[in-house]
Structures are given as structure tokens and as C-alpha cells.
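The site 'Important for gating' annotation in Swiss-Prot covers 276. The topological domain 'Cytoplasmic' annotation in Swiss-Prot covers 1-21, 74-93, 142-153, 205-208, 263-268, 322-328 and is backed by a curator's inference. Among the features that Swiss-Prot reports, topological domain 'Periplasmic' is placed at 43-49, 233-238, 290-294, with the record citing a curator's inference. If you look up Swiss-Prot, you'll see 22-42, 50-73, 94-112, 116-141, 154-174, 177-204, 209-232, 239-262, 269-289, 295-321 marked as transmembrane segment.
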């Protein structure tokens, strides 16, 4: 028996040398988008009886995919540790690791309707996890020498911006609204500081084709920000919410114009980078609709977001059936 275990470990070691782990960390964008869309549908429960069923189905699928990916990442930590280490120290790819605590919090948000205790545990794990990761990894960049202008990619929004906004929303769900404001402030200031740096980089140099799908992350900050804000202020659509929504739509128009350039080399799973922004657009649209504010725009935003994420799902299924989903 030990002989077979030794052979298996040697085989795994050989595989590590010859091929990458089949699941990139960026693929956590799939349960991210599905979970956020589930929450958007949940907020329509009092308007459409079927909305709860749609939300539950999306939530169950998102949670199942998240569990699968977490197990695969645990396997990666065990047998592909050098690849994990390289990703952590990469000036670009390290940001995608933040998707793990972000999705953990969103799955906690979904589970809250069924099991508040487990949900709260997941939300706190995600909140503490993202804060520790940002503290350890992002602070290293302040030491200099490890970050260059070309390292400025949209994925850099994830650790300090998206993660803090998600913490704000999740903590508000648990009733910690004041604490949520702290994370909201952290995310908003981080966004304001990083946004001009990224836009300046995009103006003076082009993203490589393999990184262009990450442009979808640019859609997220404004819509995730307004969703977090509406969570902690009890859903009141005030002037700030309208301002944030307006900026989100401006980014949407820019990205629609750039989309042919983004997919110049073909469709790929990386396009799920758009999903968090799209789902947060739908989520905030429900609050605008409930508040009788820009109801026509909110209906369009909700329908558009669902159609776009539906197309991402169809693309993913196609890639799976063609054997093009996992890295080889």
C-alpha cells in the first residue's frame, strides 16, 4: 500500500513539473457572479413569488461550484505549492487570491436564509481572511522594488476594493451596520486612490491580449460600491447612490465600446470578470425599483445583467463540452 502511495506522489510531482494546475484562481469569478446574482433575485422575493426559487437555484449552484473550487484549491496547496507561492508573489496574479475570501462571504450571504449560524461563520472567515491577505500582501508593495507600472491591472481592485465592499455588505446582513461603514470607507478610499493610477496606465500602454478579459473588473467598483452602500444604509436610494450608479453606467458604456478589442483573441472563461459588476448592477437595480427611483432604468439594468450573465453561463457550458474549460 505504501508502495502505491509513493508511486502516486511521484506521479503528482512529475505532473507538477510538466503542466500547470488546471483551475486558475481567477475561475472563482464564476461562483462570485452566480452568488451575487442570486442575492439580486432574492431582493425581488416580495414582488415576484418565483424570484425566491430563481435565487435559491442560483445560490445552490454557486455554493456547489464554490465548494468544488475550494476543494480543488486545497489540493493545489498540497500538491502544487510552488505554483501557489509563485502566484502569491506575482505582482499581477496575486490579486486573484482575494476572490477566495470574497466568494466565501457571498456564499455566507446566500446560506443566511437557511442557516444563519453557518452563514455568520463563513462571513467572518471571509472578512478576516481578506483583511489579513490585504494586510500581508498589499502592504509589501509599499516597500518598493516589486511593483512596476506594467503590473497595474484591473485585478488590483480585488484585494482592497471589492473585498472591503463585500465585507461591508455581508456585515450589514448580520446587523453590524456601523462596522460595515468602516469596511465601506476602506473600499471607497482604496478605489478612489487606485482608479486614476489604472486609467493612466491604460492610456499610455495597452494590456496584453491574455489580460484583456480582466477589463471586466473595471465595471465592478461603482456597482459593488452602491450595492454595499445600500446594504448598510437600509436600502435608501439617496444622492450618493444615484451618483455611484451614474458612474457605473459610464464605465459600462466605455466597456461596451471596448468589448470587440477585449475579445479580439476569442471568448474565454476570463470574461467572468464582468460578472460581479453585472450582478451588482442587478442587485442595486432592485433597490432603485423598490424606492421608485429611475424604475425604467432599473428594469433595463436588471434584465441586461441577467442576459449577460446567462451568456457567460452558456459560454462556460460550451467550453466544458469541448474540453476547453480547464488549463492543459
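Heads up, the Cβ atoms here are built off N, Cα and C, so glycines get one too.
Scored on C-beta pairs under 8 angstroms, the neighbour of the transmembrane segment (154-174) with the top count among 50-73, 94-112, 209-232, 239-262 is 209-232. Segment contact holds for the transmembrane segment (94-112) and the transmembrane segment (22-42), given three or more CB pairs below 8 angstroms at sequence separation of 6 or more. Across the candidate stretches 22-42, 50-73, 209-232, 239-262, the maximum count of CB pairs under 8 A to the transmembrane segment (295-321) is reached by 22-42. Using DSSP to sort the residues of the topological domain 'Cytoplasmic' (322-328) gives these counts of helix, strand and coil: 0 helix, 0 strand, 7 coil. Helix first, then strand, then coil: DSSP counts for the topological domain 'Periplasmic' (290-294) stand at 1 helix, 0 strand, 4 coil. Around the Cβ of residue 276 (site 'Important for gating'), a 10 Å sphere holds 32 further Cβ atoms from the protein chains shown. Note: the topological domain 'Cytoplasmic' (74-93) comprises 16 helix, 0 strand, 4 coil (DSSP; helix = H, G, I, strand = E, B). Residues 43, 235-237, 242, 245 of the same chain lie 6+ residues outside the topological domain 'Periplasmic' (290-294) yet bring a C-beta within less than 8 angstroms of a C-beta in it. Only sequence-distant pairs (6 or more apart) were considered; of these, at least three Cβ pairs between the transmembrane segment (209-232) and the transmembrane segment (239-262) are under 8 A, so the stretches are in contact. The transmembrane segment (50-73) makes contact with the transmembrane segment (22-42), as judged by at least three Cβ pairs under 8 Å among residues 6 or more apart in sequence. Long-range neighbours of the topological domain 'Cytoplasmic' (205-208) within the same chain, counting only residues 6 or more positions beyond its ends whose Cβ lies under 8 Å from a Cβ of the stretch, are 149-150, 153, 214-215. Summarising model confidence by region, the topological domain 'Cytoplasmic' (1-21) averages a pLDDT of 54.
Counting residues 6+ beyond its ends, the topological domain 'Periplasmic' (43-49) has Cβ neighbours under 8 Å at 55, 283, 286-287, 290 in the same chain.
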